[in-house]
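Over in TrEMBL, the protein carries these features:
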BINDING   Gly12, Ser13, Gly14, Lys15, Thr16, Thr17  ATP binding site
Amino acid sequence: MVYCVGLTGGIGSGKTTVAELFSRLGIEVIHADKISRELTQKDKSAYKRILEHYGNRILLDDGELDRSKLREIIFSDPKERDWLEHLLHPLIREVIKQRVAASLSPYCMIEIPLLISKEAYPYINRILLLCAPEELQISRLMQRDQCSKEQAQAILAAQPDIEKRLDSADDIVINNRDIEQLSQKVNDLHYTYLQESKK
Ligand code: ATP
């Protein structure tokens, strides 16, 4: 299997931005969230299970899942969040594994927001953790998603424990400067990953 880097970090820490920078360097990036959306499209297997569980109240007029309603339910009830994660995570992991196995990139990157350790992904060689000061995460989220400070704070409060994340990270990028600085850090890491992937 190709050399594999897991990209993770809290909400609004800059994962999508960093993934785009690696992608511009010619690296294949696999996005767990995109796979999750694919698996929950109308009539896909996970969609059917979610519909059985919540009934029609979880649907939009066109029959697709009402994702903001689903988000509201799982952020207000940890049991529901567990239920959904138990359903989706194994399915997402399986698709990721297939895509990594088929990758022809010099190394590949998997963006997994909730990646805490390599345990569930034994083929991941390295974890790259993005961090940003909480106040920057909040202001970037408010600007990007047009949400209130309270909503941004509530989402941040539900994020995995940073200590555990730091323990399992191999590389840590603090995204507290401008995009140019971030881009420079990505270039440096890209060089390291290319070297590592050749070993
Ligand atoms: P999520 O967990 O919600 O998917 P994310 O970790 O992917 O978020 P991004 O979407 O990459 O985070 O970044 C959040 C917002 O902050 C975006 O609007 C992005 O353009 C902006 N941003 C990220 N890094 C920087 C930076 N260094 N300077 C300025 N803006 C930034």
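We number each residue from 1, going along the chain as drawn.
Backbone N, Cα and C define each Cβ position, glycine as well.
All chains included, 24 other C-beta atoms sit within 10 angstroms of the C-beta of Gly14 (ATP binding site). Classification of Gly14 (ATP binding site) by DSSP places it in coil, neither helical nor stranded. Same-chain residues with CB within 8 A of the center of the Gly12, Ser13, Gly14, Lys15, Thr16, Thr17 CB atoms, the ATP site residues themselves not counted, are Gly9, Val18, Leu130, Ala132, Arg140, Asn175. Under 8 Å, Cβ to Cβ, and six or more positions away along its own chain, Thr16 (ATP binding site) finds Glu111. Taking the binding-site residues Ser13, Thr17 in turn and counting surrounding C-beta atoms within 10 angstroms, the largest count is reached at Ser13. Long-range Cβ neighbours of Lys15 (ATP binding site) (same chain, at least 6 residues apart, Cβ-Cβ under 8 Å): Leu7, Thr8, Gly9, Glu111, Pro113, Leu130.
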